[in-house]
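Note sheet for the following structure.
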Amino acid sequence: MAIAEVIGFFTLVCVIWYWVYKKHKNLQLKICRSSIESSSSSSSLSSPPSLSSPISRTWTHQVFPSFRGEDVRKGFLSHIQKEFKSKGIVPFIDDEMKRGESIGPGLFQAIRESKIAIVLLSKNYASSSWCLNELVEIMNCREEIGQTVMTVFYQVDPSDVRKQTGDFGKAFKKTCVGKTQEVKQRWSRALMDVANILGQDSRKWDKEADMIVKVAKDVSDVLSYTPSRDFDDYVGIRPHITRINSLLCLESSDVRMIGILGPPGIGKTTIARVLYDQISEKFQFSAFIENIRLSYWKGWHDEGNLDFPVEIMTGDRQRKLNLQRRLLSELFNQKDIQVRHLGAVQERLRDHKVLVILDGVDQLEQLTALAKETQWFGYGSRIIITTQDQRLLRAHEINHVYKVDLPATDEALQIFCLYAFGQKFPYDGFKKLAREFTALAGELPLGLRVLGSYLRGMSLEEWKNALPRLRTSLDGEIEKTLRFAYNVLSDKDKSLFLHIACLFNGCQVNHVKQWLANSSLDVNHGFEVLSNKSLISTDMGLVRMHSLLQQLGVDIVRKQSIGEPEKRQFLVDVNEISDVITDNTGTGTILGIMLHVSKIEDVLVIEETVFDRMTNLQFLILDECLRDKLNLPLGLNCLPRKIRLLRWDYCPLSIWPSKFSAKFLVELIMRANKFEKLWEGIQPLKNLKRMELGDARNLKEIPDLSNATNLESLLLSFCTSLLEIPSSIRGTTNLKELDLGGCASLVKLSSCICNATSLEELNLSACSNLVELPCALPGDSNMRSLSKLLLNGSSRLKTFPEISTNIQELNLSGTAIEEVPSSIRLWSRLDKLDMSRCKNLKMFPPVPDGISVLNLSETEIEDIPPWVENLSQLRHFVMIRCKKLDNISLSRISKMEGVHCLQITRGDEDVSGDSIVNIRWYSNFPNQWTLQSDMLQICLPELVYTSPVSLHFISNEFKTIPDCIKNLSQLHQLSFYRCHKLVSLPQLSDCLSSLDAENCVSLETIDGSFHNPDIRLNFLNCNNLNQEARELIQKSVCKHALLPSGEVPAYFIHRAIGDSVTIHLKERHLPLYLIFKASLVLFNDDEINYDYDDDDDDDYDEEVIVYGDYDSYPHSDDYTKQETMRLSCRVEGKQNGLTIQYGSSVHLLPTPHRYTEHVYIFEASFSLGECNSPEAESELVFDFKVHDYFWAIKECGLRLLELPHAHGDD
């Protein structure tokens, strides 16, 4: 009895273990699809692009060859097998298998268990259905499991394979006789895909033997690249490794040093470890020297944590000897190596091929001690240095540097989830919080790891409670890592770091330098130091500091005086600032205040003396300002005399403080203020660079600017009460930008503006009362730098004088200009010219040949100027609503093939009585033209008829589309918007991949049929379609179709009422790969979905990680924003009492009109993973769901295209 119980218990444990193992393995296949990036330089192999780190696979076979025996078996194949054998490569041999029409499970398994598939494409390859079915499975494996596919085109043209033409095509067509359309399309698609993989073409080799050697070498190289399973769970690691491998150039015998650069915590060490594990076996000796900075300062035998090198523990020479001893000991695995002089590394390693990774280098002396010169190492050696200091790499003349960037948002979420949940996706209910914590870590891998590990095992409520605290303080481990980088800075560089962290993160670099100029900081040098040490970046001219580094800086300042914020240098917390202001406890310690006004809960009452004691305040930034959040009942006594930056939008003051000095003022930004004027008298403004007072509706005058000799920007847009610009502006000799747009009270521009010899941009747009410009405006000696002049909307301006020939952009849209100066042809730098809505303009003189943008819309021009077709640089040409255009001049348009964007119409589509057509076509570059339909025949260039084209019709008038459309041989997309009178569609191009006839309510007939298997058809709300048209759409071989109908088409064998259908399979294993077509009848039922919950969408979104066909359906077009609904499909397999989810997809559909039933037909595919036990009855369950308040599924139908021997499919 006891023995029976033991046996029973053991059996139960085995069953449970097997169930958990299969469940886990299929869950991995569903969620964790991996990124397979080919690192080989050979063009003859290919693996598909994919997601993050792969699941480890054990390959049973090294190579699976697919070939047509009669072509290659006794000649080419035997030679290549001999070459494989010489290199130790063992291919799968199928000599024992009998070939027929179908492939048995054994061969399917052999294909799936082979690391490489090599397809030998010969003249008669396509004459064998066996070969074609092999190829389909190989291409599926390439897509699903990352199998590497290599091609050899043996005495056959790759183009014939791709297009199924020539002798190859004839053989293919014979094989297709009697086969279903689905099978033929599957074969054709596989041939096209495999032909797109660059491979070896035997016709291009003089000696076949040389090609065979090359193929065998490529196979050997792929087999040699075997990543360690230790790193399979690292998200996004492969792209890093691939790019670094390209820098390493391992096939070269040169000695090369490589730098891996990035800020602390970004994953440099992790990447280096993965790399070391993958390539170390290629070297005689290898060593990974971790955390060199600690070894250097504390000695090899004492590598405890060190926050800061407070004192020199050992002499410089001894520290270097210690480093060399550590390197040699780890390379040769000998702990007792003695190093007595600094030439030991060179002596011991110059004849050896070594791999050395020096991790965490932060001093040049460390490099000179361990790898001073490449001559120290033997041929083929590689030295890899990880550091956050770019200056160090430059100083050591290391030119091959890989900069590690932050992971993408989705990858960052996966990294966080690995540590928080032990898997790459969140638990149910945790998704929103997981995203918040990922954002809190700033997507920095160190932060993601620490926060995820901290939260692991906590309940949802504990997560919610932890979030507020972690938002305001750093975790200890994160702070310790980042703090080291801060501590080694000089005092001045530390100060700059804190300025940026608290005030200037995200600001323009040149602005920050101007704000801090003439201070105690060495700003230029400091920026270089912080940038070199990866503590900031200055890409795109903006200073960027990672959010965790920024939080470090804020924490450092907070600890300057815990509990007494008024004693700190910078104030950034809204509550602490509110307390200091409310209690009026400001001190001279405060240098800067950054207040996000929108975060103030109640109205903040400010006393008039609030700044009296802040004598050293230099930066006052009131951001995200809202009206009525700040109350200054008595105004302000003063502004700090050392103020450099004053940014205060919606300032409630109406009177400027009486005590004010602008001696240090660099930037004044006070948009939408209530002042009528600012300070009285003349202020010392030599440091002032920018003044922005836009939208100050009460402002009547600006202060005296005679001392503002360094002023660069004066922005006064929409100061609607401003009457004039003072004569003191003549002193602003460095003024580059003057914006007076929308100053409606401005009648005349002072001639003093002509002294602004540095002025580059002048905006006088929407100055509705501006009558004239100063007569002294022209001339190379006056305003010679002017490159941009905007006068659009200044409707009373009739003339303007000759202007500088340096002008690059001129906008006169909406002015009363009657003619353009004839000298315009001499403006050699003119690039953009807008004369639209110039109602008085009837003629136009020639413009310079270099112009790229020309807009003549809504003018009285009758003829397209003849010189237009000669503008070789013209890229944008617009003449919409030009009612007097004649057709004769339109013929010139057909010669303007170089114009990317062209728009020509006589009137609005609503009133023209003709349709507007948007044409997108591609030749050497993308083009987008908009014409009226009657212009197509006249205006279309010949190139359009042979180029890929998309057409979008906009109209309410026309009943049929123009005849010339039939001649567009490569028409890919066709859509209609507001085409309510369209009655019929003609036979269209076989290339058509998307037809959108949404809301064509009069459409009745469709001539011809659709031949592209990937086409997407949208006939939403086309309720007038006749029965013949409906049947044509439903029976078309298409990817997606949507049309009015209340029933599932008859050819869908498996049917069910509701939103789920089950297919019972015969007694055999589930298929490896499933392709099916589904049909769903959608209907409106208010009662069903009124309790629809948005959270349900979020849950389903989890299932789209594997298969996300979000773009699966063509929405109308660019002219309408159609509401969409989400429809999801989930496939489950049931066998032996187990339920395994294989995948899900999400489709976005335009929403039909209420109470109109529609049928949605779509094709989808899923990989079902590895085979299950073949003995038990199996079934597949297809669940569909509409994520919408008003819509549900009335009936569903299914048809299997890859037949897994389902009941009813025979």
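Note: Cβ is positioned from N, Cα and C throughout, glycine not excepted.
Swiss-Prot lists Glu134 with the feature active site, giving sequence analysis as the kind of evidence. Annotation source Swiss-Prot lists domain 'TIR' at 59-223, citing sequence analysis. Swiss-Prot lists 241-511 with the feature domain 'NB-ARC'. Taken from Swiss-Prot, the feature repeat 'LRR 1' covers 662-685, and the record attributes it to sequence analysis. Annotated repeat 'LRR 2' per Swiss-Prot: 686-709, in sequence order. Look at Swiss-Prot and you will find 711-732 tagged as repeat 'LRR 3', backed by sequence analysis. Per Swiss-Prot, repeat 'LRR 4' is recorded for 756-780, and the stated evidence type is sequence analysis. Residues or ranges marked as repeat 'LRR 5' by Swiss-Prot: 783-804. Per Swiss-Prot, repeat 'LRR 6' is recorded for 805-828, and the stated evidence type is sequence analysis. Annotated repeat 'LRR 7' per Swiss-Prot: 830-848, in sequence order, evidence recorded as sequence analysis. What Swiss-Prot records for 849-873 is repeat 'LRR 8'. Residues or ranges marked as repeat 'LRR 9' in Swiss-Prot (evidence: sequence analysis): 940-970.
The list of residues near the repeat 'LRR 8' (849-873) in space but at least 6 beyond its ends in sequence, with Cβ under 8 angstroms from a Cβ of it, reads 813, 828-843, 879-882, 884-886, 888-890, 892-893, 895-896, 898, 903-904. Note on the repeat 'LRR 9' (940-970): its mean pLDDT in the predicted model is 82. Here the repeat 'LRR 7' (830-848) has Cβ contacts under 8 Å with residues 792, 798, 807-820, 822, 824, 854-862, 865, 867, 871, 878 of the same chain, all six or more residues outside its ends. Residues 511, 514-515, 517, 618, 641-656, 691-709, 711, 721 of the same chain sit 6 or more residues outside the repeat 'LRR 1' (662-685) yet have a Cβ under 8 Å from a Cβ within it. Residues 676, 685, 688-702, 704-705, 738-750, 752-753, 755-756, 763 of the same chain, all 6+ positions outside the repeat 'LRR 3' (711-732), place their C-beta atoms under 8 angstroms from a C-beta of that stretch.
Counting Cβ atoms from all protein chains shown, the residue listed as 'active site' has 26 others lying within 10 Å of its own Cβ. DSSP labels the residues of the repeat 'LRR 8' (849-873) in these numbers: 5 helix, 3 strand, 17 coil. Using DSSP to sort the residues of the repeat 'LRR 9' (940-970) gives these counts of helix, strand and coil: 10 helix, 6 strand, 15 coil. Residues of the repeat 'LRR 1' (662-685) grouped by DSSP class, helix first, strand second and coil last, total 0 helix, 3 strand, 21 coil.
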